[in-house]
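K.L.:
Following this message is one structure expressed as structure tokens.
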Amino acid sequence: MVEIKLRCFLLALVQAQSESQQPKIQLRLAGNKRKHYEGRLEVFYNNEWGTICDDDFSILAAQVACRELGFLGAVSWSPSAKFGQGEGRIWLDNVHCTGREKSLAECPSNGFGVSDCRHSEDVGVICNQKRIPGHRFINTMNNNVETLEERVEEIRIRPISSHLKRIPVTEGYVEIKERGKWRQICDEEWTPLNNRVVCGMYGFPGEKNYNNKVYKSLSMRKKKNYWGFSVNCTGNEAHLSSCRLGKPLELKRNGTCGRGLPVVVSCVPGRAFAPSSSTGFRKAYRPEQPLVRLRGGSNIGEGRVEVLKNGVWGTVCDDNWNLRAATIVCRELGFGSAKEALTGAKLGQGMGPVHMNEVECSGFEKSLTDCYFNNDALGCSHEEDAAVRCNIPAMGFQKRIRLSGGRNPYEGRVEVLTEKNGSLVWGTVCSENWGMVEAMVVCRQLGLGFASYAFQETWYWAGDASADNVVMSGVRCSGTEMSLPQCLHHGKHISCPKGGGRFAAGVSCSDSAPDLVLNAQLVEHTTYLEDRPMYALQCALEENCLSSTAKKNDHSSYRRLLRFSSQIHNVGRSDFRPKLGYHAWTWHECHRHYHSMEVFTHYDLLSLNGTKVAEGHKASFCLEDTQCDEGIQKRYVCANFGEQGITVGCWDTYRHDIDCQWIDITDVKPGDYIFQVVINPNYDVAESDYSNNIMKCKCRYDGYRIWMYHCHTGELQKKNCVEVLPGQFKSH
């Protein structure tokens with residue numbers, strides 16, 4: 001027994017000596033990174049930062065590096081300087097790890113500084129974004145290796161008691177959790193730039209001054225527990241983990257430091273999150289027209305980045321896209337700093353031009369359009385559209401709603417928490433007029449992505465019996481709301497004739513959705529007039545594709561038709577499928593085909609004040625992939641009663657010469673009008689963006705000819721003009 005203990009002691013002694021002989025290093029993630037947990041892997045050794053060569057590097061080495069950086073592990077690694085070429089020494093080459101090492105310094109290699117590589121071979125890693133509990137939170141980037149053992153878990157803004165009920169929390173003490181204990185930060189060397197970074201992390205675009213007397217008074221009465229370091233930020237960091245760790249602080253015997261005050265921040269919320277004394281958060285946020293917008297995101301504060309230039313919305317190419325540029329976008333739109341700078345059209349592909357490429361920001365610009373960028377986007381396609389996910393304030397919306405009875409967390413009966421007789425109770429939502437737009441708001445509030453279905457009956461989901469009573473009715477949403485209570489509803493005066501229970505509202509959510517966009521230029525270029533005899537329009541008459549006066553005409557009379565082609569693209573992230581399955585499709589004997597959606601598009605001719613003067617509609621008798629982008633296979637073909645839909649990256653074309661692809665303008669007088677097409681007008685199928693489902697053109701009709709010009713989808717576009725005569729077809 002004594003011999004075994006002696007062996008264990010000697011083994012531990014040898015191991016301790018071995019660890020003490022290991023060179024002390026520090027790691028950081030640098031370069032053109034888009035997230036704080038990825039980047040070029042750099043090593044601080046011998047008072048100098050350097051890189052690591054990708055020769056023999058493996059996922060096992062990446063695991064060791066990520067854990068050393070405080071993350072749970074590695075997701076992947078990247079060779080060939082994916083995150084940009086570093087500078088200085090290449091410290092490590094031919095690194096071989098088993099994956100069990102505590103530090104990259106323990107892995108066998110050629111030795112520090114022994115390498116035959118160039119910086120074009122610098123290795124990068126992508127770590128698991130979750131951190132190891134108890135590991136340091138702030139990088140020791142002041143090159144002081146003596147601070148490597150600091151352990152910081154998380155950061156919070158702790159409000160004083162008089163501010164506890166304020167949502168969101170915008171002001172309070174900045175505290176750091178170290179080894180399980182919350183500690184305050186001494187305000188010595190703390191700057192407004194540090195405030196800017198902290199506020200950005202918590203979803204606020206700016207910071208402001210606060211009443212120092214209140215906090216000074218509180219500080220004198222309460223015992224302080226300071227963290228032992230200062231923090232130095234430049235102000236353009238997206239995350240406090242990118243700031244430098246300052247020098248260790250010398251605390252006085254009474255526990256005070258410097259001026260003796262803990263750090264306090266006061267943040268300015270964006271307009272969408274700013275409380276109003278009169279309406280609170282009931283009124284939905286209606287954004288003003290900015291030069292930058294986000295599209296295709298399921299949650300507020302995320303989406304594909306689009307910029308307005310010369311009246312045309314376009315996208316941003318992801319070349320050099322990083323957290324700094326993404327943060328400018330987030331702050332410009334009233335959010336905090338960026339959580340992620342997404343590339344590769346991860347939030348859907350846009351349409352139109354690519355306005356910006358190789359964007360470079362300092363981090364202090366007021367708008368993305370103030371950053372340096374390359375106008376030349378040659379080689380950039382919409383497969384490279386940049387996107388962002390921004391930090392937003394914690395509003396607590398998710399705590400006041402839940403889905404109950406579903407087969408998985410993404411579906412169920414909608415139950416909301418509301419106040420009744422002075423206490424909070426759970427209840428259901430009346431399903432009368434419940435639709436896809438309302439379901440979208442629920443899924444957004446829960447952070448579950450997009451709605452895929454809206455249910456007006458939920459008898460097959462056995463929800464919480466104690467929550468059967470209806471507590472919200474008359475819900476009508478615009479789609480911009482962050483939570484269901486922000487939608488119009490009856491308030492305390494509940495009116496639900498069907499009652500709750502089996503008729504309570506329900507939803508099914510999904511992390512992706514399709515997005516249909518009409519090709520406006522094709523409509524403009526294919527418009528023409530045709531005078532067609534009634535005897536050739538009997539099927540169209542049967543399907544209500546003509547105006548009501550056509551029923552009084554004899555077979556020898558003519559109808560004047562405004563014809564055009566429509567090309568509908570799916571630029572979303574999932575396929576567009578009809579709401580109904582095969583069994584519910586409607587057979588139309590005259591045309592001898594099935595309608596999977598009775599109303600797929602609305603065609604309207606409006607007066608300049610918006611009054612309808614003529615209208616038409618198109619049923620989706622054939623939703624299919626007419627053509628697709630290169631490399632994408634067609635999945636949907638209507639022939640032989642096949643599956644209907646539009647694949648992501650494909651488009652469905654309705655040619656000008658098929659039935660009902662027109663508006664009957666026989667009774668329309670000469671004048672100036674607005675031509676409008678609306679896709680999926682009843683919101684029967686969920687989409688990531690309904691705002692681009694509307695296309696409008698200006699048109700002039702003189703009784704013989706029609707001019708179609710200034711066609712645009714959703715927003716203003718450049719003006720063009722096309723003149724066509726009856727019987728003519730304008731080729732393109």
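Glycine too: its Cβ is placed from the backbone N, Cα and C atoms.
Pulled the feature table from TrEMBL, pasting it below:
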DISULFID  Cys53-Cys117  disulfide bond
DISULFID  Cys66-Cys127  disulfide bond
DISULFID  Cys97-Cys107  disulfide bond
DISULFID  Cys233-Cys243  disulfide bond
DISULFID  Cys361-Cys371  disulfide bond
DISULFID  Cys477-Cys487  disulfide bond
DOMAIN    27-128  domain 'SRCR'
DOMAIN    157-268  domain 'SRCR'
DOMAIN    292-391  domain 'SRCR'
DOMAIN    401-510  domain 'SRCR'
SIGNAL    1-16  signal peptide
K.L.:
Among all protein chains shown, how many Cβ atoms are found within 10 Å of the Cβ of Cys243 (disulfide bond), not counting that one?
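P.N.:
For Cys243 (disulfide bond), the count of other Cβ atoms within 10 Å is 21.
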K.L.:
How big is the gap, in Å, between the Cα of Cys53 (disulfide bond) and that of Cys66 (disulfide bond), rounded to a whole number?
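P.N.:
Each residue's Cα considered, Cys53 (disulfide bond) and Cys66 (disulfide bond) end up 16 Å apart.
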K.L.:
What is the Cβ neighbour count of Cys127 (disulfide bond) at a 10 Å cut-off, with all protein chains included?
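P.N.:
Counting Cβ neighbours of Cys127 (disulfide bond) within 10 Å gives 27.
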K.L.:
For each of the disulfide-bonded residues (Cys97, Cys107, Cys117), count the other CB atoms lying within 10 A of its CB, then report the residue with the highest count.
P.N.:
Cys97
K.L.:
I'm trying to understand the geometry here, so how far is the Cα atom of Cys97 (disulfide bond) from the Cα atom of Cys371 (disulfide bond), in Å to the nearest whole number?
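P.N.:
Cys97 (disulfide bond) to Cys371 (disulfide bond), Cα-Cα distance: 42 Å.
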K.L.:
Cβ-Cβ under 8 Å from Cys66 (disulfide bond), same chain, 6 or more residues apart: which ones?
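P.N.:
Non-local contacts for Cys66 (disulfide bond): Tyr37, Leu72, Gly73, Ala74, Val125, Cys127, Asn128.
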K.L.:
Going by a 10 angstroms cut-off between Cβ atoms, which of the disulfide-bonded residues Cys233, Cys361, Cys371, Cys487 has the sparsest surroundings?
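P.N.:
Each of the disulfide-bonded residues Cys233, Cys361, Cys371, Cys487 was scored by Cβ atoms within 10 Å; lowest is Cys371.
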K.L.:
What is the number of residues in the domain 'SRCR' (157-268) that are helix, strand and coil, as DSSP sees it?
P.N.:
26 helix, 35 strand, 51 coil
K.L.:
Over the span of the domain 'SRCR' (292-391), count residues by DSSP class, listing helix, strand and coil in order.
P.N.:
16 helix, 38 strand, 46 coil
K.L.:
Rounded to a whole number, how many Å is the Cα of Cys233 (disulfide bond) away from the Cα of Cys477 (disulfide bond)?
P.N.:
42
K.L.:
Measuring Cα to Cα, how many angstrom lie between Cys477 (disulfide bond) and Cys371 (disulfide bond)?
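P.N.:
Cα-Cα, rounded: 36 Å.
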